[in-house]
Amino acid sequence: MLDQAEQRSDMPTPAPLDFHIQDFRAALHAETSVDFRSPLFWRVMVFGGAMAGTLCLILLLSGFFAQNGIHWLELVLLVIIGATFAWIALNVASVAAAVMRRARGNGLVQNQSTDAPALTTALLVPIYNESPKDVFGNAAAMLADISRLHSDNRFSLFILSDSRGEEIAEQEWRAFQWLRSVCPEKVGLHYRRRAENVDKKTGNLAQWIRGWGAGYDAMLVLDADSLMSGRAIIELTEALRRDSSAGLIQSFPSLIGAESFYGRVQQFSSATYGWLLAEGLALWTENEANYWGHNAIIRTRAFAGSAGLPYLKTWRGREQMILSHDFVEAGLLRRAGWAVRFLPVRGSFEETPATLVDYIIRDRRWCQGNMQHLKLLRTKGFHPVSRLHLFFGALGYLMSPAWLFLLVVWSALGLTDMTPEGYFSEQNPLYPLWPEMNTSQAVSFLLFMYGILLLPKLVATTMIMSVRRIRRRFGGSRALLGGVLLEVVASVLYAPIMMIQQSMAVARILLGRPVTWAPQRRTAKRFALRSLLRFHWIETVLGILLAVGILGGGISVWLSPIAISLAFSVPLSALSGLNISQLRFKSGRLNTPQSLHVPPIWARAQEARSEVEKQLKQAPVAAAE
């Protein structure tokens, strides 16, 4: 007797495909023999430029510290400053590469085949306790958009549910019945709910591959909040079809649909600056790009033959599944000889958490997964660039405790206001006396650091401002520049809070405290004051202590922005969920081309979501038997 979950599945005839679990201790023989062209020029430019800039900064600071001989604490500071600056400089160099590429006007060369056969592509939407209205509304919009366009490729969409609870399962089934009634005939539609949620998303996709993977040349993986236009889907499919060496092609999703302050900050930053960094990243990664888990197309047999994930052994000897699977799967595909590429296409979208609290909750999960990557750096056969992706994924979180340590040392030792007479005095032998940094030196150093941080934003803004058509899509010069200023201020205010939260996330992982993986809340929620105080009390206390130290003269006044941010973390968190989409002051709305000129696929998705919601209200939820 089948259980209710299996009874309520609508799947095609099984087409089993072996899914091979990989051995990280043994190198895999490459499945393809393509001799990939390495983008040596761009890699030398990006990494060489980042290293040169970092070396210059370290030499300048070491010259300052060497006035009285370098103390071991100063060496620690130099290492931390150098590491964090190198991380920033790499982004700056990537942006510089993108600008140079645009000036030269040449594109990436790929292995093109004009007579490649059409692909049978499965659009896979794995879900777990998500809003049926949003999931099936997005699916309806994508299916309708694909059907409007001509393509000799064949498409089917699969909703792969891991949802728990009969109430939401009933809603999903009713939403699927509605979607089937409006689905265009030229596109296939299927639904399956697993009886057991084994290995979360990776297990969900693995089960589909084992059961039906042989029937599909490619799988386009989508998240619950993913939305792609029919043109973008076909463009990705055609790119994989014509490039026989590609195992995975990752699009750059744009953020869409944000109305809250924090969501709009993320969305504005992505639309204004993110595209340029994405182009630079595509240049120097080329065949060794990365995978972000969604809005990407994958060659099914390549993935099945080379990207099955084993369990990892924890430091305590327990088996643990790989959580941030996407980076690892990209590395495994490249290890097997398949190219992994970035392809910026228009019409690829995703949503972002609406509040600071929701963003942090998601970030904790990502931190836990990315920290696992440190264990995989020695995996046999990984390409050096694949190892870099894994390392950078972990480093992005390790930078927060590094910055925090730098802040603690700076605060505890009082770096700026001492007169050097040798490092230790008889009056206070435990307190090191640091070289004196006068006001002009401090200001110059501060301006240099902030200048490097802001340089990619300034370059991207200048490029947008120089093209009238694009500038007008942001609402004009005043709206664009006002939005840039507001985004910079918001970034400065929220960055210290994220530094503390990410440091705590790293500490939890080191202490062996797992993070619960739950569905992401995609709409803004107004949190009670008590909840915000409980969530941000550590930042608040640290901010108050830092402010007291500054007012007492024991801590540098240059740390005031950090103190203000931390001390006011609760009101800043409350502000993050404020709906700013209808503000009278247009520059304060942080508008983007997607919010001012709504993409047709987003408008169709909103209409379909409303229709799904109406259908679910008309059909009462059946009680679980």
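Easy rule for this one: first residue shown is 1, then count along the chain.
Any Cβ shown, glycine's included, is placed from N, Cα and C.
TrEMBL annotations: computationally assigned, not manually curated.
Predicted, not measured: the structure shown is a model, and the values here were computed from it.
The domain 'Glycosyltransferase 2-like' annotation in TrEMBL covers 220-441.
Under 8 Å from some Cβ of the transmembrane segment (40-66) lie the Cβ atoms of residues 74, 77-78, 81-82, 85-86, 89-90, 92-94, 96-97, 100-101, 280, 283-284, 286, 435, 437, 441, 448, 452, all in the same chain and six or more residues away from its ends. Look at TrEMBL and you will find 40-66 (among others) tagged as transmembrane segment.
Remote same-chain residues near the transmembrane segment (72-99) are listed as 42, 45-47, 49-51, 53-54, 57-58, 61-62, 65, 276-277, 279-281, 283-284, 395-396, 399, 402-403, 405-406, 409, 413, 432, 434, 449, 452-453, 455-456, 459-460, 463 (criterion: CB distance under 8 Å, separation of at least six residues from the stretch ends). Summarising the annotation, TrEMBL assigns transmembrane segment to 72-99 (among others).
Taken from TrEMBL, the feature transmembrane segment covers 388-413 (among others).
The annotation transmembrane segment is assigned in TrEMBL to 442-467 (among others).
The transmembrane segment annotation in TrEMBL covers 479-497 (among others).
What TrEMBL records for 532-552 (among others) is transmembrane segment.
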Per-residue pLDDT averaged over the domain 'Glycosyltransferase 2-like' (220-441) comes to what?
87
